[in-house]
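Encoded as structure tokens, the structure appears first; notes follow it.
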Amino acid sequence: MADQHATLAAAHPSRFAQNPLQRFLIATELDTRLLGMVGALAIIWVGFHILSGGLFLTPRNLWNLSVQTASVAVMVTGMVLVIVTRNIDLSVGSILGLVGMVMGVMQTDILPVQMGLGFGHPLIWALSLGAGLAVGVGIGALQGSIIAYLKVPAFIVTLGGYLVWRGAAWWVTMGRTVAPMDPTFQLMGGGPSGSIGAFWSWVVAIVACAAIVLGLYFGRRQRLRFNFPLRPIWAEVSLAVIGCGLAIGAVWVANAYPWPRRIAEAFAEANGIAVPDGGLFISHGIAIPVLIALGVGVVMTFISTRTRFGRYVFAMGGNPEAAELAGINTRWVTVKIFMLMGALCAIAAAISSARLNAATNALGTLDELYVIAAAVIGGTSLAGGVGTIAGALLGALVMQSLQSGMVLMGLDSPLQSIVVGIVLVFAVWLDTLYRRNKN
Amino acid sequence: MLDTRTPLVEMNDISISFGGIRAVDRASIDLYPGEVVGLLGHNGAGKSTLIKILSGAYKRDSGSIKIDGRDAAINNPRDAKGYGIETIYQQLAVADNVDAAANLFLGREITTAIGTLDDAAMESKAREVMGRLNPNFRRFKEPVKALSGGQRQSVAIARAILFNARILIMDEPTAALGPQETAQVGDLIKQLKSDGIGIFLISHDIHDVFDLADRLVVMKNGQVVGTARTSDVTKDEVLGMIIAGKAPAGAVAGPGAVAD
Ligand SMILES: Nc1ncnc2c1ncn2[C@@H]1O[C@H](COP(=O)(O)OP(=O)(O)O)[C@@H](O)[C@H]1O
Ligand SMILES: [Mg+2]
């Protein structure tokens, strides 16, 4: 009897699938919604490639796309937690603007001039970033406290914040643009020197592949230990191949995009390298902002799935009363979510201002809408309790792909807004259909 | 026969209003170790509200709570848990979108040496506890919203007994259950009682209460009609307390008893 149960439990549900595709999906336990998004992304990419006459799927464009996505991608990981707990944050773009200004003033005036560190001091970037993080976390703590303890709806608090922080950003310099940024700080924005080059990119690919394989291995060992159904070996191998293939493919693309000729030549001259016929090929490799975004994605996935805090976020989102009755300090968790969101805004501000090489009053304008849209397209439910970091990152990539694809096609920006708006509504409608069918 | 031991719980003159409604009005109840006290009354009598004050879900307007004879400061569910008070709520209070193990340990997770969730340890402990309670339970990996009412209730009960409660509050624990599961809960109550746990059992089923409770308290319109040993009153008398608010001879009349 007990044996019978054990064998029953150990049979993987993929045994009962009817056709090969279904068997593959069940056996690999891939999230079908996430796969759907990957499919949508593929359609968008190929569509734009054709419509733009072959300009989209080039190393150069894909590399740029990755850099352009980084800032929103960083913020969307926090927005997932905000929305999962049935809140919203409309102020992220304004926080980004204010924090960008603060960091700009720190590195162009306060640190080098007023505190006498001098321009180009190696600590400037870190101190500026630290100050930005402090401001971001502080703003998050303030907004979160008002939401959690004074019970003002997040929509209102952050709508107020949207106005307040944008105004405050102006106040920092009376609207004056701050530039140029510290050279080290600028690396966070990408560009030829803000990329890690071919060698280190391959190192990243190898580390990623190792992590994927080890993750699968330990996952399987854990299941074995507790007598849970195991994925068939072929499914594990497929997952490893797909995962490693994506990592290697992405790095290959990043490495296929060379430095612009003039910069490469200047570099060659400065370092006494002879330029061969046909120009010097120096790979960009992965851009630092992209690396930051990927790192944030990994850390946030870890936080949301492996820590108490993450568990409380999802428990609260599913049933706030039950979470409270279980003894969770739901208010403090809410404050922490908004503090985290503020910190992520600061990181995004560093990426955006470094990329622009300036802090302007308009930095981050409309970002709140892109971030929320990316989270929602990425499968975060506004009803609460549901959402993944990976999905949201994909959502950010979808949004940015639309955006840059339309730029490549030369669409006017009003038309771009119209398309993005329609796509957002359409995507959420599809998602509602999907969820309804699933139940 | 007076019980000379210190009561586990004494709630004295508890009142609470919602808007204009006095949901609980100068109610006093107590509970001794190893005792089951049944709490009876019509819908809306104030039973759930009274025990929610004990479990920290509501803050009383007035009155005092003593645990082990000492004044207890209970302002939220965390405080109550600190006193060893565990509650199974009438409206199944489970977190729908996390799995059974996550629910059992919600708010008190087992963590690894580096502070991450130790899901394996929690799940194996969950299997152990659920195995005692509901041996047929197998769906450990699914969000509890996928479970049946009875399964969800066993998760809620397992959650309450997992942490060695000294005081257990069960608000209509069998309302969502079938006969077999109801009998299981009855056995469980007897077992917990023999472990010295004090239990408040709220039920609309007067037979359940007579089977399981040592004493019973009847409430009406937020007030206590009377308190009695189960052996000192008949079912008809208790029905009279519930319906008419009349305290019989075998009972100690409360502020809610009608004078005749
Ligand atoms: N959170 C609340 N807000 C307003 N009124 C409430 C609330 N909780 C309970 N009440 C009211 O208090 C009274 C007692 O309810 P309750 O304690 O649930 O009764 P019982 O559990 O005995 O059926 C009812 O009139 C109910 O409407
Ligand atoms: Mg009730």
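Along the chain as shown, the residues are counted starting at 1.
Including glycine, each Cβ sits where the backbone N, Cα and C put it.
Noted in TrEMBL for the protein shown:
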type	residues	note
TRANSMEM	A:34-56	transmembrane segment
TRANSMEM	A:62-83	transmembrane segment
TRANSMEM	A:90-111	transmembrane segment
TRANSMEM	A:123-142	transmembrane segment
TRANSMEM	A:154-173	transmembrane segment
TRANSMEM	A:193-218	transmembrane segment
TRANSMEM	A:239-259	transmembrane segment
TRANSMEM	A:279-303	transmembrane segment
TRANSMEM	A:337-358	transmembrane segment
TRANSMEM	A:370-394	transmembrane segment
TRANSMEM	A:406-430	transmembrane segment
Chain residues in Cβ proximity to the transmembrane segment (A:406-430) (below 8 Å; excluding those fewer than six residues from its ends, i.e. six or more beyond): 40, 48, 51-52, 55-56, 61, 373, 376-377, 398-399
Interface check, the transmembrane segment (A:279-303) with the transmembrane segment (A:34-56), three or more C-beta pairs under 8 A: no
Cβ contacts the transmembrane segment (A:154-173)/the transmembrane segment (A:337-358), at least three under 8 Å, sequence gap 6 or more: no
Cβ contacts the transmembrane segment (A:62-83)/the transmembrane segment (A:90-111), at least three under 8 Å, sequence gap 6 or more: yes
Candidate ranges A:193-218, A:239-259, A:370-394 - greatest C-beta contact count to the transmembrane segment (A:90-111) (under 8 angstroms): A:370-394
Residues from the same chain, set at least six apart from the ends of the transmembrane segment (A:370-394), whose C-beta lies under 8 A from its own: 31, 33-34, 37-38, 41, 72-73, 75-77, 79-81, 83-86, 88-90, 92-93, 293, 297, 300-301, 304, 314, 317-319, 420, 423-424, 427-428, 431, 435
Selection from A:34-56, A:193-218, A:239-259, A:337-358, the stretch that has most Cβ pairs under 8 A to the transmembrane segment (A:123-142): A:337-358
Sequence-remote partners of the transmembrane segment (A:34-56) [C-beta within less than 8 Å, at least six residues beyond its ends]: 25, 377-379, 388, 390-391, 394-395, 397-398, 401-402, 405, 408-409, 427, 434
